[in-house]
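> Quick paste from Swiss-Prot:
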- His140: active site, proton donor (ACT_SITE)
- Asp79, His81, Asp107: Mn(2+) 1 binding site (BINDING)
- Asp107, Asn139, His187, His262: Mn(2+) 2 binding site (BINDING)
Amino acid sequence: MAEKPAPEQEQEQTRAMEPAVLDDIIRRLVEFRNTRPGSGKQVHLSEGEIRQLCAVSKDIFLQQPILLELEAPIKICGDIHGQYSDLLRLFEYGGFPPDANYLFLGDYVDRGKQSLETICFLLAYKIKYPENFFLLRGNHECASINRIYGFYDECKRRFNVRLWKIFTDCFNCLPVAALIDRILCMHGGISPELMSLDQIRSISRPLDIPDSGLVCDLLWSDPSGDVKGWGANDRGVSYTFGADTVAEFLQKNDMDLICRAHQVVEDGYEFFAERQVVTVFSAPNYCGEFDNAGAMMSIDESLMCSFQILKPSEKK
């Protein structure tokens with residue numbers, strides 16, 4: 001495994017962003033709270049500022065492991081998909097960092113109207129609070145996917161394709177899983193190739209998401225009540241896994257729970273396999289097409305899990 005960088009080197013890399021510049025970016029992004037919903041207003045960030053967010057956060061991702069080992073208390077959020085106003089609502093509810101520790105499970109971009117604000121806000125917090133704020137990679141943090149589902153077009157419309165490529169380089173360095181005591185977190189799910197967590201630890205970055213195999217499954221697989229063992233996935237990528245597969249995996253690896261995102265669920269969270277898997281989805285009224293709530297899972301010091309719900313808005 002790569003050695004941890006020497007403290008002075010680490011200092012050098014994380015010092016690459018002036019605290020005053022970072023705080024000003026965060027201030028502008030938070031001020032968006034005061035704008036009228038649906039006003040179409042955007043936060044103004046310069047291309048240089050965004051490039052810096054990508055470069056500095058990328059260094060931090062690479063200094064931290066690909067399988068994060070985190071401690072409770074922590075709040076876990078699922079897909080955001082460019083729904084920036086809802087991301088701000090989540091923080092209003094759970095506390096803006098560093099009042100609470102956070103782990104996000106991926107899918108920051110695509111589909112929603114404000115992928116740029118969403119990802120820039122999250123990267124800014126990652127830089128400001130690197131030991132309290134964590135971001136995993138979702139299947140949409142991948143060039144071949146976000147080229148199609150909106151992020152590329154947003155970057156091109158508001159800036160240029162070059163900036164989209166810089167985000168791609170940053171996304172290729174994101175961690176893919178996190179362990180919080182006996183809770184394993186990832187965007188999608190488990191993999192038929194995953195026997196031991198050391199397999200994840202040994203993956204090197206930067207990394208393109210392959211079309212199949214362990215990393216692909218961690219970001220793409222889904223639980224299914226209709227299958228025993230492993231089944232085909234309607235997405236045309238990866239697999240579905242049954243409750244029996246989950247029980248066997250958890251027992252073998254001495255774990256209690258798999259926490260994942262990746263699927264819209266009506267109440268914002270949903271258990272599967274006798275509460276051995278939980279899906280957390282944090283974009284309410286997803287795409288304006290669903291009536292789902294969004295949720296955030298809080299894990300306290302004693303590893304008790306509770307849920308905070310963002311109700312879908314009444315307006316049609």
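All positions are counted from 1 along the displayed chain.
The backbone N, Cα and C atoms fix where each Cβ goes, glycine too.
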> Give me the long-range Cβ neighbours of His187 (Mn(2+) 2 binding site): same chain, 6+ apart, Cβ under 8 Å, in sequence order.
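Listed in sequence order, they are Leu105, Gly106, Asp107, Leu136, Arg137, Gly138, Asn139, Val176, Leu218, Leu219, Arg260, Ala261, His262.
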> Rounded to a whole angstrom, what is the C-alpha distance between the residue listed as 'active site, proton donor' and His81 (Mn(2+) 1 binding site)?
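Just about 9 Å between their Cα atoms.
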> Does DSSP give Asp79 (Mn(2+) 1 binding site) helix, strand or coil?
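In the DSSP reduction, Asp79 (Mn(2+) 1 binding site) maps to strand.
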> Counting across all protein chains shown, how many other Cβ atoms sit within 10 Å of the Cβ of His81 (Mn(2+) 1 binding site)?
29
> Please work out the number of neighbouring Cβ atoms within 10 Å of the Cβ of His262 (Mn(2+) 2 binding site), leaving out its own Cβ.
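His262 (Mn(2+) 2 binding site) is surrounded by 26 other Cβ atoms within 10 Å.
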> Determine, for the Mn(2+) 2 site, the additional residues of the same chain whose CB lies within 8 Å of the mean position of the CB atoms of Asp107, Asn139, His187, His262; present them in sequence order.
Asp79, Leu105, Gly106, Gly138, His140, Gly188, Leu219, Trp220, Ala261
> Same chain only, sequence gap of 6 or more: which residues have a CB within under 8 Å of the CB of Asp79 (Mn(2+) 1 binding site)?
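For Asp79 (Mn(2+) 1 binding site), the qualifying residues are Leu105, Gly106, Asp107, Gly138, Ala261, His262, Val264, Phe281, Ser282, Ala283, Tyr286.
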> Would you mind checking how many other C-beta atoms are within 10 angstroms of the C-beta on Asp107 (Mn(2+) 1 binding site)?
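Taking every protein chain into account, the count is 28.
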> For the recorded Mn(2+) 1 site formed by Asp79, His81, Asp107, name the remaining residues of the chain with Cβ within 8 Å of the site's Cβ center, in chain order.
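Everything else in range on the chain: Gly78, Ile80, Gly82, Gly106, Tyr108, Val109, Asp110, Arg111, Gly112, Gly138, His140, Ala261, Phe281, Ser282, Ala283.
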> By a simple count, how many Cβ atoms lie within 10 Å of the Cβ of the residue listed as 'active site, proton donor', its own Cβ left out?
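Neighbour count, Cβ to Cβ under the 10 Å cut-off: 26.
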